[in-house]
């Protein structure tokens with residue numbers, strides 16, 4: 001398994017978890033999503049019980065776990081869904097035409113279930129598995145047989161989620177991280193939907209060996225997504241206005257190896273725009289300030305995590321921050337951390353060659369003010385993409401770019417994403433969908449005689 | 001096209017050279033790919049452009065014809081290439097392409113299988129995503145189309161990342177040599193369900209699959225086949241709505257006296273029914289509205305993940 005660790009060379013696509021690895025846990029088919037770091041001591045709370053995450057270490061991503069009642073206490077165990085179940089479902093689909101049952105005989109009088117809460121507790125004490133409880137509930141339901149095949153399936157699923165919850169082990173990728181945040185805390189990522197994120201990366205032509213300038217006020221999601229596409233080559237410069245870098249705690253959710261982390265650098269807009277002939281004294285002064293900044297940033301990101309626990313427990317959805325969080329942070333400090341201050345040579349190289357792409361995701365800033373300063377840092381013919389949760393700032397920005405003749409190929413677009421339920425004879429668009437994933441202004445920097453070089 | 005080594009990387013210091021592929025930009029909807037050749041000329045409605053005038057200029061430059069007309073010369077990207085490539089088949093566009101790459105979790109180093117190759121629009125973006133260590137193996141049963149795709153990949157400089165094979169994937173499946181090695185498989189076939197069992201064998205555990213189909217009946221059958229060995233089966237549709245932006249001189253004349261047309265001495269430039277209260281001067285405002293005509297459907301994207309045994 002050791003060759004799967006990202007530290008051991010160019011393997012960027014590990015398929016098995018390891019100790020200290022960041023994972024996304026999908027509980028009961030998307031009902032709850034939790035980020036966790038696997039260690040012997042880390043735990044997950046489901047309902048009122050706490051489970052050790054130890055059994056998840058060394059398992060392939062994509063593995064499913066189910067709660068088993070152990071001798072002392074319940075634990076998580078690998079679960080492989082029987083294939084027969086699928087066959088039953090298929091038959092269900094074929095029989096659908098003959099379905100004559102409907103809900104005319106179902107009366108909501110709360111008497112359909114003859115098992116009481118005490119009965120279930122007693123079963124549990126005797127060591128019944130979750131699945132046995134589900135079967136018992138079905139056997140003791142007076143109305144189960146009267147339900148249609150479809151609603152029988154729904155009933156079973158509902159009970160299974162409660163009495164035999166399942167945990168799916170997922171790899172944290174841009175896709176899953178963005179989807180999880182969009183579902184749980186959309187405001188923290190500026191309501192940036194996964195399809196919009198994918199378009200930003202394409203429109204900005206992010207690829208290996210590019211030098212990407214990013215203004216990321218969405219928690220580090222865009223910076224992380226860019227670093228993932230660079231795969232340990234090129235560079236991503238996370239820039240910021242003023243003296244304090246923006247938080248990028250989301251980058252810790254990716255399992256980036258040292259090679260990838262080294263490519264994530266930070267540099268203020270002022271430093272990028274400053275004249276080139278700067279004395280080394282000034283640079284070293286600035287470096288001092290920055291070391292302090294990154295320390296204070298560490299503190300803020302920690303406090304963010306605690307807040308997360310507080311916030312989520314209030315909503316009854318627990319967001320997992322493993323108890324060993326502090327020690328983990330201490331350990332990673334030795335290895336190169338994503339988001340070091342950009343060294344002088346890197347800044348020099350960016351100034352001489354220009355960035356090859358620009359992405360701005362500052363959902364609360366005026367796009368035009370940012371673009372005016374950042375666009376000249378791009379090499380000619382470099383593409384850019386600007387995200388905003390509102391249309392108007394981008395419309396204004398597009399108009400000004402046209403007037404100033406700073407860019408060509410300008411396009412203002414909005415992605416639209418619809419999911420479908422696909423089932424035998426029951427295919428239709430999902431009843432609920434996201435109404436907006438935000439807007440994108442994209443274009444290409446043009447060379448004009450007035451451009452500064 | 002891709003930044004395979006630093007000498008090809010566009011930068012302030014990298015100028016157009018003889019032999020470079022450039023995208024000649026007239027308007028956002030009128031572009032053409034041209035190979036720069038010292039003795040050659042480009043002729044269009046703006047006049048005659050000498051390639052020799054282009055050499056030594058930075059990418060992104062405006063260049064002029066004998067008649068004073070101008071175009072821009074851009075460095076090629078997969079997005080620009082999608083707009084200029086010759087359509088041998090119906091192609092995938094940027095919204096579907098971006099979403100497929102992200103949802104399949106394609107990152108540098110991945111091995112991707114694709115069928116059919118078609119015009120190579122998606123293939124080019126796959127190559128960008130797996131670069132520099134990964135590889136894309138793409139298959140089309142049409143020999144001539146495969147050859148044209150190969151020529152294109154040669155032209156755009158991505159041939160080291162892409163291998164084009166001639167094979168009927170629906171009939172014969174993917175070659176056994178890829179068994180258990182693919183990180184992702186993409187299918188754009190008329191009967192994708194025929195290729196799904198083979199795709200399953202090619203994929204690594206937890207590997208991702210996407211099938212693109214214009215018709216819902218194709219989706220229905222694919223999903224039925226997928227249910228046996230795949231999990232996390234999701235069907236989505238993505239479209240891109242484009243906006244037009246223009247500056248309006250809003251007529252801010254008061255309406256309270258019911259005689260607003262008499263108020264402004266100047267002619268109204270733009271008809272506007274929205275007369276707002278409060279402002280007395282007409283101020284220019286930038287407005288946006290969705291383009292009148294738009295693509296209503298491209299295809300359904302069905303994603304799935306191979307079950308872990």
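Glycine too: its Cβ is placed from the backbone N, Cα and C atoms.
Because TrEMBL annotations are produced automatically, they should be read as predictions rather than curated entries.
Bear in mind that the values here come from a model prediction, so they are computed numbers and not experimental data.
According to TrEMBL, the feature S-adenosyl-L-methionine binding site maps to B:119, B:120, B:121, B:122, B:140, B:168, B:188. Under the heading region 'Disordered', TrEMBL lists B:254-293. The compositional bias 'Polar residues' feature in TrEMBL is assigned to B:272-283.
Annotated features, which come from TrEMBL, shown on the structure.
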| residue | record | Cβ neighbours (10 Å) |
| --- | --- | --- |
| B:119 | S-adenosyl-L-methionine binding site | 22 |
| B:120 | S-adenosyl-L-methionine binding site | 32 |
| B:121 | S-adenosyl-L-methionine binding site | 23 |
| B:122 | S-adenosyl-L-methionine binding site | 27 |
| B:140 | S-adenosyl-L-methionine binding site | 28 |
| B:168 | S-adenosyl-L-methionine binding site | 16 |
| B:188 | S-adenosyl-L-methionine binding site | 24 |
DSSP three-state assignment (helix, strand or coil) for residue B:188 (S-adenosyl-L-methionine binding site): coil
Among B:119, B:120, B:121, B:122, B:140, B:168, B:188, the record's S-adenosyl-L-methionine binders - longest CA distance, Å: 20
Where residue B:122 (S-adenosyl-L-methionine binding site) sits in the secondary structure, as DSSP reduces it to three classes: helix
